[in-house]
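Peer 1: Let me begin by handing over the structure; questions about it come next.
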């Protein structure tokens, strides 16, 4: 419940903060439209236009063409800083939360199993996005231009940014699918108690997920380039998708539908299918004595299934507004419509909400695990308390023959914690 309240808070924050067009805001999302990279106000191309422009594009400065809204729009300073604060909060929470989650799974042997390995893979993908992509987002928001836009490093960032962006989302989507399949396998073989350790098939799945995510993101690295264009008599450069081959033109035409189908619908359909099969298995297999003997084991598996389902629901809530905005823009918008600017205002509002909710998905999974899973909650608390205890011990410990009593006690406490955590490890 706390997770949904947090999401609602950010939603209302963005509704209240959106004042006008945001030409400087590079969207941390699945879209690669030209408007997301153009830092210049006053043109409709900033929001809808097209992702393909010739290298020597000249934009009219009088706004008289049908493709431009008559009134120049600009973003308020307050809205800039609201978005900056939100991005910085997501950066801190995402970095601390995902790094702590990885540390918990790495340091506790009892946590090294199939489901937790997939959750660690999910956290690592989110951590990469938070550490690398979010700082670029904040820079574009405040500076109103692409970083290092006049040298080779800017070109490198122009290709790296969308590549990592799409790879991170692919890692999230495929890990959620793998978790759903893993939960079905666990229930289908519910009489088998899994030991500690990562199964070989799970390790193969994780490697395949990362390789496939990188492969699917290659068109982003190929298509995005620094494109010079003239605006109000000045030559500028911006990072955008510039289709120069038939394949890239095809990719550009079907991109919105491809993103919606593969990166959004697929994990939801996969979860629905395998959770339906899992429910049927649990209803059909009711062996009385064996079921009683494994009742505690089944409770643990149900808790893991509930955790995975919660992660999928959060993913859907965070990404749906953004995909809805892109699909509406693809199907409803008409350049020749005289009332298109009113539609743009509505779609822009949805775009901002979707962008921030989608970005928030990179930091919310550790929070969800804290509230949904008792074992992860205990591990998070133990990890944080351990860090505080270590800091205090370093200041108060008394050396004895080159050692410290506190370190010995801490080692004993860690051994007891690991032994107690082994009793309720996820299966």
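Just so it is clear, glycine is given a Cβ too, placed from its N, Cα and C backbone atoms.
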Peer 1: Swiss-Prot lists transmembrane segment for one of the ranges 182-205, 206-229, 230-253; which is that range?
Peer 2: 206-229
Peer 1: Per the topological domain annotation in Swiss-Prot, are residue 108 and residue 383 located on the same side of the membrane?
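Peer 2: Both on the same face of the membrane, per the record.
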Peer 1: Between the candidate ranges 81-102, 279-300, 389-410, where does Swiss-Prot place the transmembrane segment annotation?
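Peer 2: Feature transmembrane segment in Swiss-Prot: residues 81-102.
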Peer 1: State the residue range annotated as transmembrane segment by Swiss-Prot; the candidates are 53-72, 113-132.
Peer 2: 113-132
Peer 1: State the three-class DSSP label for residue 239 (disulfide bond), counting H, G and I as helix, E and B as strand, and everything else as coil.
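Peer 2: For residue 239 (disulfide bond) - judged by DSSP and reduced to three states - the answer is strand.
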Peer 1: Of these disulfide-bonded residues, 158, 239, which scores lowest on Cβ atoms within 10 Å?
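Peer 2: Comparing Cβ neighbours within 10 Å for the disulfide-bonded residues 158, 239, 158 has the fewest.
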Peer 1: Okay, the transmembrane segment (257-278) and the transmembrane segment (113-132): do they have at least three CB pairs under 8 Å, pairs separated by 6 or more?
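Peer 2: Checked: the transmembrane segment (113-132) vs the transmembrane segment (257-278), no contact.
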Peer 1: Ten-angstrom check, please: count other Cβ atoms within 10 Å of the Cβ of residue 242 (N-linked glycosylation site), all chains counted.
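Peer 2: The answer is 19 other Cβ atoms.
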Peer 1: Using C-alpha atoms only, work out the spacing between residue 158 (disulfide bond) and residue 242 (N-linked glycosylation site) and round it to an integer in Å.
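Peer 2: It is 12 Å, counting Cα to Cα.
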